[in-house]
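As recorded in TrEMBL, the features of this protein are as follows:
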- Thr14, Ala15, Thr16, Gly155, Ile156, Asp157, Ile194, Lys203, Met204, Ser205, Lys206, Ser207: ATP binding site (BINDING)
- Asp143: L-tryptophan binding site (BINDING)
- 203-207: motif ''KMSKS' region' (MOTIF)
Amino acid sequence: MSINDKKIMLSGITATGKLTLANYIGAIRNMVKLQDQYENYIFIADLHALTLPIDPQELEQNRRNIFALFRACGIDTNKTTLFFQSDILEHGMMNWLVLTNTTIGELSRMTQFKDKSSKVKTANGMETIPTGLLMYPTLMVGDILLYNADIIPVGIDQKQHVELTRNLAIRLNNKYKTNFKVPEPYIPEVGAKIMSLTEPTKKMSKSDKNEKSSIYLLDDPEKAYKKIMKAVTDSEGKIYLSDEKPGIKNLLTIYSALTDKTLEQTSELFADKNYGELKQAVGEEVKSFLIDIQAKYAEAMKHIDEEAKIGAEKARKVAHKNLEKLMKGMGLNNASK
Ligand code: TYM
C-alpha cells in the first residue's frame with residue numbers, strides 16, 4: 001500500500017493545565033497504537049486553550065510540555081506529523097467557514113458548552129460567558145476537516161464534537177459539492193472516561209483545582225503512588241466490577257489500561273485481594289509508567305523547536321489544500337492564487 005492509500009488519523013490535546021494519566025489512557029495510548037497503520041496528524045490545540053482566560057507564560061509552558069510529553073509517550077515524528085495548531089493559520093480561517101454553516105442552537109446544545117458556561121454563569125452571570133466557549137466545537141470541526149481525517153482517537157467526552165464534525169462534513173458536501181470524509185471517533189474499550197481519585201463520580205480533568213484528584217504525567221512518581229494509595233473507594237471491602245463502586249472500578253480500569261488487560265481479567269486477578277493490595281498494585285504500575293516517560297521527556301524537550309518546524313511545514317501544505325477546496329466550493333476563488 002502506498003502512503004497515499006493510507007487512511008488518516010488525527011487528534012489533538014488542548015494546552016490548558018497539565019496533562020494527566022486520563023489524557024494518556026483515554027487518547028494518547030490509542031494515538032500511539034494507531035500510528036503504524038495510518039497517515040497521522042497530531043497537534044497541541046493551543047487555539048482551543050484560548051476559549052477560557054489564559055496566562056500567556058503558562059500557556060507557552062503548557063504547549064511545550066505537551067509537545068514533549070507526546071514524544072515521551074511514544075508519538076514518533078517519523079510516522080506522525082506533530083505540530084502546534086497556532087502555527088497553521090488555516091485553522092482560524094477554516095473555523096470561520098465552518099462557523100458560518102452552524103446555528104447558535106446547535107452550538108449551545110453541546111454538552112461541554114453547557115457544563116463550562118454554566119460554571120461561568122453561576123459565578124459571574126450570562127454576560128461574562130466567553131464567546132470562544134460557544135465556538136470551540138467549530139474550531140475542532142475545522143481541525144478535523146483541514147486534514148480530511150478518517151479516524152479520531154479521543155476519550156468519550158469528545159464524542160459529541162466528532163459527531164458534530166460528521167454532520168458538518170455531510171452538510172458542507174451537500175451544500176458546496178466538497179468531498180470531505182465523514183470521520184469516526186475511536187474510543188478505547190477500557191479507559192474512555194477515567195475518574196477523579198477524590199470524587200470518582202466526576203471525570204479526571206487537567207483543569208481540576210484539586211491536585212489530589214489527578215495523576216499528572218509529570219508528577220513525582222512517589223507522590224503519584226501516594227495519590228493512588230489515598231484514592232477514594234467505598235466501605236464494602238470486596239473487589240468486583242460494578243457501577244455502584246466507581247472508585248474501585250476506576251482503579252481496576254487504570255490497572256487494566258496500563259497492563260493491557262481486559263477489565264474482566266483484572267477484576268478476576270484482584271477478586272480475593274483487599275483494597276490496600278489493589279491500590280499498591282495500581283500505584284506500582286502508575287509509578288513505573290511515570291518513571292519511564294519522564295526519562296524520555298527530558299530528551300524530548302531539547303528538540304521541540306526543530307521538530308515543530310518540520311511538523312508545521314508538512315501540516316500547512318495539507319491544511320492549505322483542503323481549505324482551498326472549501327473556499328472554492330463556497331465561491332471564494334481568490335485572485336492572488
Ligand atoms: P482535551 O485536551 O480535553 O483532552 C485530550 C484527550 O484526552 C481525553 N480525556 C479523557 N479520556 C479519558 N478519561 C478522562 N477523564 C479524560 N479527560 C480527557 C479527551 O477525550 C481527549 O481525547 N477538544 C479537544 C482537543 C481537540 C481535538 C481536536 C481532539 C481539539 N481539536 C480535533 C480531536 C480532534 C480537547 O479539549 O481535549
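From the backbone N, Cα and C atoms, a Cβ is placed for every residue, glycine too.
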- Going by DSSP, is Thr16 (ATP binding site) part of a helix, a strand, or coil? coil
- In angstrom units, rounded to an integer, how far apart are the Cα atoms of the residue listed as 'L-tryptophan binding site' and Ile156 (ATP binding site)? 18
- Note on the structure: CB < 6 Å to ligand 1, subset of binding-site residues Thr16, Ile156, Lys206, seq order -> none
- Query: With every protein chain in view, how many other Cβ atoms are within 10 Å of the Cβ of Met204 (ATP binding site)?
  - Reply: 25
- Which ones in the same chain are close to Ile194 (ATP binding site), with CB under 8 Å and 6+ residues apart in sequence? Thr20, Leu21, Ala22, Ile25, Gly26, Gly155, Lys203, Met204, Asn250, Thr253, Ile254
- Message: If you average per-residue pLDDT over the motif ''KMSKS' region' (203-207), what number do you get?
- Response: 93
- Cβ contacts of Thr14 (ATP binding site) (under 8 Å, same chain, 6 or more positions away): Ala45, His48, Ala49
- Message: I want to check the contact list for Lys206 (ATP binding site): same chain, sequence separation of six or more, C-beta distance under 8 angstroms. What comes out?
- Response: Thr16, Gly17, Lys18, Leu19, Thr20, Ala22, Asn23, Ser214, Tyr216
- On the DSSP side of things, how many residues of the motif ''KMSKS' region' (203-207) fall into helix, strand and coil, could you say? 0 helix, 1 strand, 4 coil
- Which site among Thr16, Asp143, Ile156 has the most other CB atoms no more than 10 Å from its CB, taking these as binding-site residues? Asp143
